[in-house]
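> So TrEMBL lists the following for this protein:
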{"type": "TRANSMEM", "residues": "6-21", "note": "transmembrane segment"}
{"type": "TRANSMEM", "residues": "28-45", "note": "transmembrane segment"}
{"type": "TRANSMEM", "residues": "51-69", "note": "transmembrane segment"}
{"type": "TRANSMEM", "residues": "81-103", "note": "transmembrane segment"}
{"type": "TRANSMEM", "residues": "136-153", "note": "transmembrane segment"}
Amino acid sequence: MNETLEALAVVLGLTYLLLAIKEKRSCWIAGAMASAIFMGIFWQAGLPMQGLLQVFYIAMAALGWWRWGRDSSTTPVHRAPWGYHGMMLACLCLLTLVTLLLRQTLTDLQAIVDTASSWAGVLATWMVAQKKLEAWIYWIVIDALTAGLYLNAGLLASSALYTVYTALAFIGWKQWRQSLRLQQRS
C-alpha cells in the first residue's frame, strides 16, 4: 500500500471535515478527492464495503455541492424528528443484515463492523448533505467504530484520521447547533 497516497487522503479528509463544520460548500471537493484515493486503499486492504462506500461518498459530494448551492447559508441547519431516526436505524439494521447474508459473513466481526459502519456512513452522509444537525451524533459513533476497524486492518494513518474525526464530529455538532440557534433567533 502506498503510505504517501494514504497521507494525502488523510489531509484531504481532514480538509473536508473542517470545511463541512464551517458549512463551506468547498468541503465537497476535498471530500470527493479524499474518497477517490481511499477507494483504492480500502479495496487493497481487504475492506470491500469501505471501498464501495467511497463511490457513494463521491456521488454524495456532487449532491452536497449542488444542494448547498453557491451560498451554503441558503440551506439551513435543521433537526430531524424522532421518527426519522427510528426509520434510519431500521434501515441500517436491515441493510446490514441483508448485506451480511449476501456476503455470508454473519459471524465475522470485521465484516460486521465493515458493513454496519459503511451503511451508517451512507445514512449519515445523506443527513449532512441535508444539513440535519443530528448527523454529527451519528458520525461520533461511526467514526469511533471505523477507527478501530482501520487499526485492525493495519491502516494506521486512516485509523488516526478517524480518531480525529470522532473529536471533530463533536465540534461539528456544537458548531451546527449554534448555527441552528442563530437561525431560530432571526
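For all residues, glycine too, the Cβ spot is worked out from N, Cα and C.
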> Where else in the chain does the transmembrane segment (6-21) make close Cβ contacts, counting only residues six or more beyond its ends and a cut-off under 8 Å?
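Result: 27-28, 30-31, 33-34, 37-38, 41, 128, 155, 157-158, 160-161, 164-165, 168-169, 171-172, 175-176.
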> Are there residues at least 6 beyond the ends of the transmembrane segment (28-45) whose Cβ is under 8 Å from a Cβ of it, and what are they?
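Residues 1-2, 5-6, 8-10, 12-13, 15-16, 19-20, 51, 53-55, 57-58, 60-62, 64-65, 68, 153-155, 158.
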